[in-house]
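Q: Pasting in a structure now, in structure tokens, and then I'll have a few things to ask.
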Amino acid sequence: MNYTSFILAFQLCAILGSSTYYCQAAFFKEIENLKEYFNASSPDVGDGGPLFLDILKNWKEDSDKKIIQSQIVSFYFKLFENLKDNQVIQKSMDTIKEDLFVKFFNSSTSKLEDFQKLIQIPVNDLKVQRKAISELIKVMNDLSPKANLRKRKRSQNPFRGRRALQ
């Protein structure tokens, strides 16, 4: 690698690093704006313990943690939806929603749309309740582990190893 290539690579790394730092700095600034608006640094906020942090500590595996995180993200989206008309904190909420979109949904618009559809479903609607109960068996089947299918496939070929030896 010649000197010019080295300088260009170094500049690219510096630019990418500083833009990431800038994005994180903007994100933290917006969280601080929300904390100030809600007076979230007040000592009485800690009364009764944390809202989410203790629950997150109890879940260790990534797949399990994703379940809890989805509920927490759902809470924040509902919170931001309730405050959508508040112009004082709108920019902060938009910045944080964008960061949630990138981190939780991997920038997938379709995942975000599906998630938002789910959190908007009215639980008290009788028609929705009937549909949900109608779909319950399929949902439960989708939740069950697929390991039984793999075991069944393996047990169907008992002579597979013997043929290779002959």
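Yeah, the Cβs are placed from backbone N, Cα and C, and that goes for glycine too.
Dumping what Swiss-Prot says about this protein:
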{"type": "SIGNAL", "residues": "1-23", "note": "signal peptide"}
{"type": "MOD_RES", "residues": "Gln24", "note": "pyrrolidone carboxylic acid"}
{"type": "CARBOHYD", "residues": "Asn39", "note": "N-linked glycosylation site"}
{"type": "CARBOHYD", "residues": "Asn106", "note": "N-linked glycosylation site"}
{"type": "REGION", "residues": "147-166", "note": "region 'Disordered'"}
{"type": "COMPBIAS", "residues": "148-166", "note": "compositional bias 'Basic residues'"}
Q: Could you tell me the C-alpha distance between Asn39 (N-linked glycosylation site) and the residue listed as 'pyrrolidone carboxylic acid' in angstrom, no decimals?
A: 22
Q: Do you know offhand how many angstrom separate Asn106 (N-linked glycosylation site) and Gln24 (pyrrolidone carboxylic acid) by C-alpha?
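A: The Cα atom of Asn106 (N-linked glycosylation site) is 17 Å away from the Cα atom of Gln24 (pyrrolidone carboxylic acid).
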